[in-house]
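Q: Okay, here's the structure, questions in a sec.
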Amino acid sequence: MRRPKKYEAGEATQYISRRAALRKLQLSLNDFRRLCILKGVYPREPKHRRRAQKGSSDIKILYHAKDIRFLLHEPIVWTLRDYKIFAKKSGRDRAIKDFRNLKRRLAMFPEIKLDHIVKERYPTFIDALKDLDDCLTLLFLFSTFPSLHLIPREQSNLCRRLTIEFLHYVIASKSLRKVFISIKGYYFQAEIKGQKVTWIVPHYYPFKPQSRQEVDFKVMSIFVEFYTIMLGFTNFRLYHGLNLAYPPQFPSNMLQDNADTLKDESSFVSDRITALNFELLRTDKVQEDEEEPDIDMELLEQDGDSKRIIKMKQEAQEVSRLRTLFKGLKFFINREVPREPLVIIIRSFGGKVSWDSSVFSGATYDESDETITHQIVDRPSLSTQYISRDYIQPQWIFDCVNQRQLLPTNKYFLGEPLPPHLSPFVDAKRDTYIPPEEKALHDPSLIETHAQSEDESEDDAAAEEEDTVEQELLDAQLQRAYQQETAEYKKYGGADGVNEDEEDSDEEDFDGEEQESDDDDEEELDEKEKRLLEEKQKMSVQSGKVHKVNKRQVHKAEVDEHRLQARMVKPRHRNLFRKLIREKQAKEKEEWLLRKKRRTIETDAKEAKKLAKREARKAAAAAAAAAAQLGAK
């Protein structure tokens with residue numbers, strides 16, 4: 001039996017460098033990157049890098065050898081090789097000015113088909129839904145881009161159409177569950193086939209070209225090329241599940257490029273929002289709201305876990321109420337408010353929405369409609385207002401959805417300071433720091449106690465100030481009375497005309513008599529009473545001692561326990577253990593910073609309230625003094 005040589009087996013044969021992979025596949029670096037993105041192959045980190053690199057200490061990009069062998073059988077590799085042949089032949093025809101042959105070659109341009117790759121990477125429909133988050137986020141981003149050097153106009157148009165089709169499905173199925181506004185954009189979460197899909201719609205800003213190439217649009221464009229095929233398959237399956245015609249039929253003037261949309265970016269976005277306010281065509285000719293089936297408790301309680309079943313039923317009832325949260329309400333959006341996220345939310349929960357038809361197309365009713373219940377405004381005041389509707393700020397829509405109920409509108413009126421906008425994506429079990437407003441969503445009594453403590457602290461501060469003022473007045477009055485008494489003593493020899501020496505002698509005689517009477521009483525005590533007193537003293541309860549916790553010893557014990565825990569970790573798990581410790585320390589630091597920020601904000605707010613109250617009291621005192629002076633005159 002031949003003895004195996006070094007690096008002929010084991011980890012050295014499991015990995016292959018990128019240069020060796022390029023040599024094996026006979027592809028350029030750009031084509032190899034494109035192939036890896038489309039097939040989902042990515043670099044790997046070996047456990048022992050020196051063994052994987054066959055003794056080399058240089059840091060190389062390594063792939064699994066089985067992944068590279070997997071790429072050898074991919075039909076796209078031949079298409080990528082055909083690109084080289086096409087480029088050479090078309091360049092030759094262009095050089096010799098053989099335009100007839102060049103036109104024939106352009107008509108035979110090799111196209112990459114990605115259908116089989118989508119089916120290969122996602123064997124089931126649920127697998128595709130699980131990987132839909134990044135797909136939607138990237139396509140929504142590219143749908144806002146204009147035509148760039150590496151991003152053709154056709155690609156951004158395709159992204160725009162596919163994202164609108166997906167939003168129409170979310171609106172028709174009423175599967176939206178959570179929304180949130182952040183600096184990055186608008187977060188949306190929908191529940192589709194039991195899977196939670198979360199994506200970001202970016203804020204709309206005019207595109208500003210970058211002077212430096214900090215973002216690799218070419219690589220991102222390859223991802224978009226794959227995700228468009230994937231989302232097309234997904235939309236087709238989702239639409240047919242709701243008996244909706246696919247592709248959806250929009251009016252002829254929507255989602256089509258003309259001279260205006262290519263030049264004006266605002267009209268480019270306006271057409272997209274107009275399509276969202278348009279009803280889709282169904283294949284079954286039935287326009288009825290789909291209701292979720294009721295849960296039969298009698299059948300489910302046979303499992304024995306009744307608490308879990310009751311919780312499931314409560315969750316289902318909340319979701320059914322959430323699906324019709326804005327049913328029967330009509331909204332009107334002012335021109336300064338971003339329309340796209342509000343149209344998605346309002347229509348997803350059964351409401352009707354419109355805007356100014358003179359500025360944007362697609363409006364269904366005017367501002368003068370008396371049946372409008374809410375008008376969404378983002379300005380401090382309005383010149384004309386209707387009594388029959390509520391004028392609210394946009395945050396009211398998002399907070400109502402997250403709390404799954406219609407909130408009072410008095411905190412969201414024009415010019416009112418808005419309450420904190422809380423994230424619905426907080427996990428109470430994993431996140432250590434939870435603000436008091438977030439806790440109040442689950443337990444409303446906590447916010448009441450928090451408000452009461454703030455009011456009590458303010459009342460205590462005000463009471464202390466009032467006590468100090470009253471104490472100063474009493475001290476002044478007592479000082480004045482003492483001065484008057486001393487003046488009378490000096491003038492008349494005492495308050496009642498009696499000398500002080502006579503009073504002192506009388507007091508001494510009275511004290512002597514009291515001492516004699518006390519001695520007689522002590523002698524009259526019987527022995528029985530003395531015994532009772534002694535027994536009572538023996539029966540007295542001794543005061544306990546407070547056990548003080550030594551924080552230094554507790555901290556030392558925790559550190560020793562942590563060191564012992566670190567020693568017990570196996571060597572192969574030490575990196576994972578250190579990673580967990582770093583994550584724990586980062587969370588603790590983040591929690592500490594959030595609590596510190598919260599304390600500073602609360603102290604600043606309290607100081608501002610105290611200062612305002614002091615100023616109000618000073619103003620009231622000055623007004624009272626001025627009124628008293630006028631009355632005296």
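The backbone N, Cα and C atoms fix where each Cβ goes, glycine too.
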Q: With the ranges 117-150, 151-184, 593-626 to choose from, which does Swiss-Prot describe as coiled coil?
A: 593-626
Q: Ranges 366-386, 450-470: which does Swiss-Prot label region 'Disordered'?
A: 450-470
Q: In the same chain, which residue numbers or ranges, 6 or more beyond the ends of the compositional bias 'Basic and acidic residues' (555-564), come under 8 angstroms Cβ to Cβ?
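A: Cβ under 8 Å, 6 or more out: none.
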